[in-house]
């Protein structure tokens, strides 16, 4: 049972380590984000979409690009080079006359029935193609829709100049090299290179159909969240009527929920849980499953401002417990319809292994965190990233941080020893304090907190007094004379 007030526990109130890990090993670089967003716009909006619009049906039903996935939700951990894009389309139909069926065993899917009364004049204009998408009972066939979109993609590629195994696309003076698209479920995956550089980015382009604000029986609604939703042509294996089942997407609503001014503070915690997942190589534990656990908690805590303003460390510990609890129950209910278990397809032994490993990690962090602020780094960072913690300190010479007078001392030398063998607990505690000291930003910490850190480090230095060379002791003495003269 998870303690619902765990986030109030004092020993988790210090965010020093959390902030360090987030800043240096999780936060995406602004320059990369800006550059890749421009490349994305060039390739898709300015390059491919105009060519697709040469097909008259596509031109008439295409609405816009919806940028999806964890990157655009603000919960992505890895390098910003993988993107999910929905090509949003709206069929020429009167949506008030559409029949959307949700009363079947696949809770995250719907069947769409197109009545003759719902067809608008534009439907008749394109009836030669559109009528082929309907079954004898007028259900919309997602497989035929997807085949049509594949033909659009193929014809678009034919309009590009081919060179070896690539297709060339020039936009705004930049020469992009695009590989032949690959089909992956509902997506068409494209790999893009710029000039002679290796793969710049990959994008999953997913065609989807808008459902507007149609109310779906049994599904959640939120008064402050847009009711607009869409469906994608995601196939279901071993299902007799699979070609008529469309997968629901509530991405826009989820993005809106996570963008709330208070709720958005949880995004970095989502990323930290994903970072742990990646470090443990738990690939079957999809990002969406983790985000869903957060969505449930957000809905439950929507009026609890204190929760969203709690320390990120305490929220990380709390949400990690929530994840463990869900894995122990072998169930992560779909946020929009809890009749669907997102991890129901995973093998029980796999889920049990994940839960047990995460419990051991949580116990270890909980045991050590009072004495070692960086206890979580042991599980969140790989060996290379752990070495980079040392570089944070050593770079103080050039970045002007508070450790610029300590980089030559014996304490800093002992940091290297701690990183190499991790055997000396006393030095580990000092290491945590030194790294903490190295990452403090003057603009983000008040005077009282800064003094507290200095006092703590002085206490550690006092315990090691006999090991500190006389020259370094003299440096400390001179520093205090200058400060208090």
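Every residue gets a Cβ built from N, Cα and C, even glycine.
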Can you find which of 164, 172, 204 Swiss-Prot lists as binding Mg(2+) at the same site as 82, 84? 204
Could you say whether, by DSSP, residue 252 (GTP binding site) belongs to a helix, a strand or a coil region? helix
Please identify, among the binding-site residues 84, 252, 254, the one with the smallest Cα-Cα distance to residue 304 (Mn(2+) binding site). 254
Spatial hits near residue 84 (ATP binding site) (Cα distance within 10 Å) out of the binding-site residues 204, 250, 252 come to 204
